[in-house]
Amino acid sequence: MALPSLLLLVAALAGGVRPPGARNLTLAVVLPEHNLSYAWAWPRVGPAVALAVEALGRALPVDLRFVSSELEGACSEYLAPLSAVDLKLYHDPDLLLGPGCVYPAASVARFASHWRLPLLTAGAVASGFSAKNDHYRTLVRTGPSAPKLGEFVVTLHGHFNWTARAALLYLDARTDDRPHYFTIEGVFEALQGSNLSVQHQVYAREPGGPEQATHFIRANGRIVYICGPLEMLHEILLQAQRENLTNGDYVFFYLDVFGESLRAGPTRATGRPWQDNRTREQAQALREAFQTVLVITYREPPNPEYQEFQNRLLIRAREDFGVELGPSLMNLIAGCFYDGILLYAEVLNETIQEGGTREDGLRIVEKMQGRRYHGVTGLVVMDKNNDRETDFVLWAMGDLDSGDFQPAAHYSGAEKQIWWTGRPIPWVKGAPPSDNPPCAFDLDDPSCDKTPLSTLAIVALGTGITFIMFGVSSFLIFRKLMLEKELASMLWRIRWEELQFGNSERYHKGAGSRLTLSLRGSSYGSLMTAHGKYQIFANTGHFKGNVVAIKHVNKKRIELTRQVLFELKHMRDVQFNHLTRFIGACIDPPNICIVTEYCPRGSLQDILENDSINLDWMFRYSLINDLVKGMAFLHNSIISSHGSLKSSNCVVDSRFVLKITDYGLASFRSTAEPDDSHALYAKKLWTAPELLSGNPLPTTGMQKADVYSFGIILQEIALRSGPFYLEGLDLSPKEIVQKVRNGQRPYFRPSIDRTQLNEELVLLMERCWAQDPAERPDFGQIKGFIRRFNKEGGTSILDNLLLRMEQYANNLEKLVEERTQAYLEEKRKAEALLYQILPHSVAEQLKRGETVQAEAFDSVTIYFSDIVGFTALSAESTPMQVVTLLNDLYTCFDAIIDNFDVYKVETIGDAYMVVSGLPGRNGQRHAPEIARMALALLDAVSSFRIRHRPHDQLRLRIGVHTGPVCAGVVGLKMPRYCLFGDTVNTASRMESNGQALKIHVSSTTKDALDELGCFQLELRGDVEMKGKGKMRTYWLLGERKGPPGLL
């Protein structure tokens, strides 16, 4: 993480005096000294603090030192506050690091809050710290915390539809820091807050403890959370196995946040928490019981920066502290301390740049809220309580033969979403258990009465079951007969004689209007050329009076096996708005072809490569959403997967709805190109690495390959630079495919400009083209992801407008085809003139005969100007000369304002009125747009020459004001789009009270411009305005180039 330039000095507690004139920063550390069982022990965290200080030293030209005040081994709630008080009294630190234990952290946090001193820790997981009241207002947790674990558990319950109850078991010896109690506390509070019935019990480490635990489980819940040492879990599971609680009706979540149970130990191998030094029968029972266990751990950051950090951490721990640390999730805490220190330095720098000081601890802590940045532990996201969002992993017995536990899901705390790896959870009964099965807990329910049935009831029940079985059997037989009849009827078959071919331009004319988005060149379906880069038109024809797309199949004949017949039936059955409709197939040799719905706008690749089409992000998100919907439906259908998804296989119909084509009918597909041809490799740019290797894949694997292809298409849509764009590299498709197939780290993927794209969109791309198929999301998850950051959603205005224009143009072509060209030309001129007089949206409403409703705008900026001395000039000139002068001047002005997001309202004589912020709202950009336009007009006037008086200087007087207005159309004859409100009057007063060749702005406009900090303004003073009284006004002098200066 790059830090802005700032002079820092970290003064040592044993270093003596701060250098005169230097701005020193003192860090104080309060952490356990020797006890390595704590993830936040000083020998574990100290190397990370040293590495953070060195990182600051590399980024900043300063002398950096640090010291610590260690505690003696244990988490002492008495020694920790005493140490903190000593540090404050004798060294006055600017930042406290630690403690990690809950009780000491609570004591020290109260002191730090009183001192207004930032307290940064990656421990202190208790839920109570999330409430940043007066006691903990300066506490910042950059590590995991129990409430975030609770959020993950609530998300799990929502996924599995567990909404009734849960049971919690934990070990609590009430000694030291009670880690199990505070960990499960977050789960308890989160589930209780979700209106679940949650019961908890402390596990008794005594004879009879396992029996008490299973009795508690039977009475209180099928979803069980256990937090304690692994030995405790083994004892409970062995008793549960004896009582048949591991039959699939219960699921046991083991909260092992540091994953110690999954690490190799003296009696177990890696990923096998069920192994223990027990008898053979007990070991087998444990292995079977662990099929019902899911382990929850923190997620180790997958980024290479963390791996490098961990290697350096282990080396520094050995060299500086003499301890041997191994790879462990406990090292994540050290990384969180590292990121926390760099985050503090970044925020402190911003605070000083804004005029604050390092003593302003509350301000520094407040600036950390809601911050996002990339650290060594990955993406660091702080919530509004200054607690870091935490990622978790859900582990399950992924391999029943070996018993190895593998990741089943990853949870992203920043996105509040679970990403399933694709490895199924081995539910004993094939599905997750119910958390509230009938008659399990509510025994008072009358339906739970187990009184034996009478003989008459048994006979009636048997008769009913017999009739039901007879009805079901009859239905199945009937369905089977209908299926065979449908297969034999071959409703899909099209004779070659039924397809009519003719002038393609005639089809093109009947396919829809070409007036929208300059799409004449993309009016046919598209195929890739032999070079694999550009598109050519697909074959089209007529079938039963409709234009259809015809795809020829390079096969001599098709054998109608039962499998082929089923493929063709499935193609007829699968119909969806975002899939091209399968019309039929022709199998008459040699004219074998597939006939599908015709989409006149061409392929998605055509549209993306057509530079004349301006695709805004709302339109792009609409195309992406259509593609995701189509693939989600396809994956859930009988066809199951596409297998060859690419942008050229996504076509757009006349209403700009994207549809997927070339799916299904595997028996018809063939590759015509040679194995080493350029076109073949160009088509493989969208192909997943596992398919490039040539190994056959199961259905789920093909679906994950489709997700990879979608990721490449997503990059095409975002950058519009072609498939697999590589910045600065000129590689052939064959070279690209070979690099992807090799799979060497770092994996070869397209280039992404993170500065220009939505961060969540970039993250989705990277997950879709992950090397491991299990890491890729499915289209159901992608649909939810797209829905979150495409908040516009729904049918767009553009889509509705295009649909109406298409329908209107088609009707005209059919009714008056001979006069269409002349009519359209006159219509185009009339519309162009109308759009110059009125805003486009208003003109469309008037064209439809609708009443234009007045619209209120909360904030716009209005520009008024006139010519000083125009009356005298007019008196000395002929009327024709005056008209020529105004025409020259306003033609110049009109050309200039086209470069800005403004709307010209009217010109009356020498008065010129312009507004920004309506009719299209542009957020807060209206004030700077008008300011830049005014400066440009003032600059143009200086060089403007009057034809009949070339030696006279034209003097323009400008007034600008910002405020609310109401806009609407006035009158029926020669309607005008007018603005109303006091803002218009005030803007006029600003102009009339201004001075020649100056820009007179109000205080509200000045405030709006000050938010950018790049405009030069000068106070004019209080000016008496007619009807307004005194108003404070300013002169706009110009705009500074470049960003505001840094401290």
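Cβ atoms here come from the backbone N, Cα and C positions, even for glycine.
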For which of the residue intervals 39-58, 459-478 does Swiss-Prot record transmembrane segment? 459-478
Greatest C-beta neighbour count within 10 angstroms, which of the disulfide-bonded residues Cys75, Cys101: Cys101
Which ones in the same chain are close to Asn195 (N-linked glycosylation site), with CB under 8 Å and 6+ residues apart in sequence? Thr163
Students should find that the Cα atoms of Asn349 (N-linked glycosylation site) and Asn244 (N-linked glycosylation site) sit apart, in Å rounded to an integer, by 61
Between the C-alpha atoms of Cys75 (disulfide bond) and Asn35 (N-linked glycosylation site), the distance in angstrom, to the nearest integer, is 9
Mean pLDDT for the topological domain 'Cytoplasmic' (479-1047), rounded to an integer? 81
Cα proximity to Asn277 (N-linked glycosylation site), best match among recorded positions Asn35, Cys101, Asn161, Asn244: Asn244
Which residue, of the glycosylation sites Asn35, Asn244, has its CB surrounded by the fewest other CB atoms within 10 A? Asn244
Taking every protein chain shown into account, which of the glycosylation sites Asn161, Asn277, Asn349 has the largest tally of Cβ atoms within 10 Å of its Cβ? Asn349
Taking just the CA atoms, what is the gap between Cys101 (disulfide bond) and Asn161 (N-linked glycosylation site) in Å? 35
